[in-house]
Amino acid sequence: MQDTYQREINYLRISVTDRCNLRCVYCMPEEGVRSLPHGEILRLEEIETVVRAAALTGVKKIRLTGGEPLVRKGLEELVRRVSGIPGIDDIALTTNGLLLPSRAKALKEAGVKRVNVSLDTLRADRYAEITRGGNLAGAWEGIQSALDAGLHPVKLNTVIIRGFNEDEVVAMAMLTINRPLHVRFIELMPIGSSSSWAAGRYVPAAEVMDAISAKLGPLVPARQPAGGGPAKYYRLKDAAGTVGFITSMSEHFCHRCNRLRLTASGGLRPCLYDGREIDLKAPLREGAGTREIAALIMEAIALKPDRHHMLEGWRDRRQMSQIGG
């Protein structure tokens, strides 16, 4: 289905939980965030109904997010259900990777095709700092398990933060030379309580590109790996993988936006940076069927703004983990 601005909306990001086994500084504060009671989180069968309804409106791609999606019990069963829905041809997962070693094979068998793993640094001390206690070796084990399970492509999401990891961009890009990894540099976005923390830490993608090219040679435009999305991709000479840039702040890509977001509590959000949501949980629990939910999804599509307004400030009191990454 097309929205008001003739964009084809075919992608639904689903936050299956607001809980996480890490506490990354740009995603949630160290303390004070109230987790949703289990009764307020959409049940697996409710998520399945939403996906069936979304497929009726033209959604073809699903991404499961969190929080950390792998802390949600029954995730593999949800994937099996969703993968069998007519019209859904792609299921992906965004994760910190720590729980992947024991789950990657089962997720692949259930129907997950590919994964994005959050990895902001190659230094163990910095990883522990940015995640507030995470284990870098565990993340790497998860990345390797994804490769071994055949979850291709494996994309690494790296948020660039001035004063923290901008000195690692060359090393991160070098990961793509000998391995089939796709490193995506993401501009820091001011969201939730991290807005004040992010002040002064923003690094434009152009600066990262210049730093990589100066050390490793030209970045040649490359075909996009499977999955689409907003990143622009490049390849270093003879590299096995690609380097991507997501320019949410410096060069927005709203004219190409094809997505909706479903929060863990059942709110359908037309735009990450727009506070409007359509509640799907209440109708679901009042007995609404697939076609009724599809009608609400079409309402959400009609609400999609022409572009985000990040520079005007965050319009929601919730954290990124509560909305869905």
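Note that Cβ sites are derived from N, Cα and C of the backbone, with glycine treated the same way.
For the GTP site that Swiss-Prot gives as Arg13, Arg63, Lys155, Arg259, Leu260, Arg261, the extra residue drawn from Thr94, Thr95, Thr290 is Thr94. Nearest neighbour of Tyr26 (S-adenosyl-L-methionine binding site) by Cα distance, taken over the binding-site residues Cys254, Arg259, Leu260, Cys271: Cys271. Within 10 Å of the C-beta of Gly67 (S-adenosyl-L-methionine binding site) there are 27 other C-beta atoms, taking all protein chains into account. Its Cβ taken as reference, Cys254 ([4Fe-4S] cluster 2 binding site) is surrounded by 17 other Cβ atoms within 10 Å in the chains shown. Following the DSSP three-state reduction, the secondary structure of Met189 (S-adenosyl-L-methionine binding site) is coil. Nearest by CA distance to Gly67 (S-adenosyl-L-methionine binding site), out of the binding-site residues Thr94, Cys254, Cys257, Leu260, Cys271, is Thr94. For Cys257 ([4Fe-4S] cluster 2 binding site) paired with Met189 (S-adenosyl-L-methionine binding site), the C-alpha to C-alpha distance reads 17 Å.
The local packing around Thr94 (GTP binding site), expressed as other Cβ atoms within 10 Å of its Cβ over all shown chains, amounts to 20.
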